[in-house]
Amino acid sequence: MSTITRFAPSPTGRLHVGNIRTALHNWLLARKAGGRFLLRIDDTDAARSREEYVEAIRADLAWLGFAPDAEYRQSERLAKYKAAFEALKAAGRVYPAYETAQELELKRKIQLGRGLPPIYDRASLKLSEEERGAKEAEGIAPHWRFKLDHYEPIRWDDGVRGPQKFDAAQLSDPVIRRADGSWLYMLPSAVDDLDMGVTDVLRGEDHVSNTAVQIQMFTALIAAQYAAAQKPRFAHEALLVGKEGKLSKRLGSLGCDAFREQGYEPMAIVSLLGRLGTSQPVEAFADPAPLIDTFDLSTFGRAPAKFDEVELARLNAHIVHQLPFEAVKGFVPEDFTPEAWHAIRPNLEKASEVIEWWQVVTGPVPALDFSDEDRAYLREAAGKLEWSGTPWQNLTGALKQTTGRKGKELFLPLRRALTGMDHGPDMKELLPLIGEEEARARLERAAA
Ligand code: GLU
């Protein structure tokens, strides 16, 4: 059976680093196995779902380079959930419940006050036919709960957490359908995973208790002959936190739009998130192939993964230093050349900074102050420009001979006069780009 994974965001906001990481890991898991990666839009919550977010999710995945092999939308599959619901109902695994939200809250408070876990007491399950009739005669429309089997042990071997065991009696029967007929997350997700042949559910550890419930749902759906498929394997990854160890608000809103705006390369994000929280070293990869080859759930740790933007910036610089000219062709001026890219590239943290450095080549550059001594030196330099072969070596070689200067004294005034800056790309490569006439003009202006 070939591997099928899915990423199942609710389109109620933009993707943030945490979701992006989960999506990436699902994509890597599928690619490594030569399988398929699905995008499932969990949009059963019509009031909170927005089309603009669906589009943003697609665009973000495409930008990051892990576009899905197929896309599904829960809002188009409501008939399936109804069929599954009816099958579970016929099998006695679904029951109507009549408590209001306030009643449930009160029960919770009482249980907590007595030091008991706030598990739903199944009061509605215990109602007689008559009592139920009376509720409905009063005009109370029921919501629906899935009836957990308290005698069926819940176990799975988690791809990250190892063997897991839950006692169904310690869990509440989950509400799966609201009184207005709309669906909560739990059942549609299980139905979809079966229908779409999902083999591996990889998601955040905040879903562990959902998995416990869904395992019984999968079994019940298969037993009710709703589906012939097998239930998937499960893996829950530790959550992502900021470097200070907390899930900050900033991290919760940090997504592809911010990354793009700040000029990060998609591969920097992929390189970082691919291995963050695993025992494998985070490295800057120019393409995802090595991440695919080495992807291994058994290297995932249980401790929260720490996201650090400084690390992202470092990876980004490494990736920019390897980017081919083609990658920047789209946003550089027409006269910008591959030679210019090679000269400037090692100096960049973000590819977009190339524009500022190109300005240093084309000019005008800021006029800096020089001492009298340096001005004399620069005047001499203007007369010594020799454009055959390697102009920078010619110039500095000649000046060394005639002035006896060396090191910083020899190089820095030239760099400052030629670029208006104290640091920057290798002058060997930069000077030919500036050109003879312009270089002489800059040296003469500095000497004046
Ligand atoms: N829509 C759910 C979420 O965003 C999906 C969880 C899952 O089953 O992967 O949390």
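Positions of Cβ are set from backbone N, Cα and C atoms, glycine also.
The range from 71-75, 246-250, 406-410 that TrEMBL describes as motif ''KMSKS' region' is residues 246-250. In TrEMBL, the motif ''HIGH' region' annotation falls on 9-19 of the listed ranges 9-19, 42-52. For the motif ''KMSKS' region' (246-250), the list of distant contacts is 18, 239-240: same-chain residues at least six beyond its ends, Cβ to Cβ under 8 Å. Residues 41-43, 45, 48-51, 53-54, 56-57, 60, 185, 204, 239-240, 247, 251-257, 273, 307 of the same chain lie 6+ residues outside the motif ''HIGH' region' (9-19) yet bring a C-beta within less than 8 angstroms of a C-beta in it. Residue density at Lys249 (ATP binding site): 9 other Cβ atoms are found within 10 A of its Cβ, drawing on all protein chains shown.
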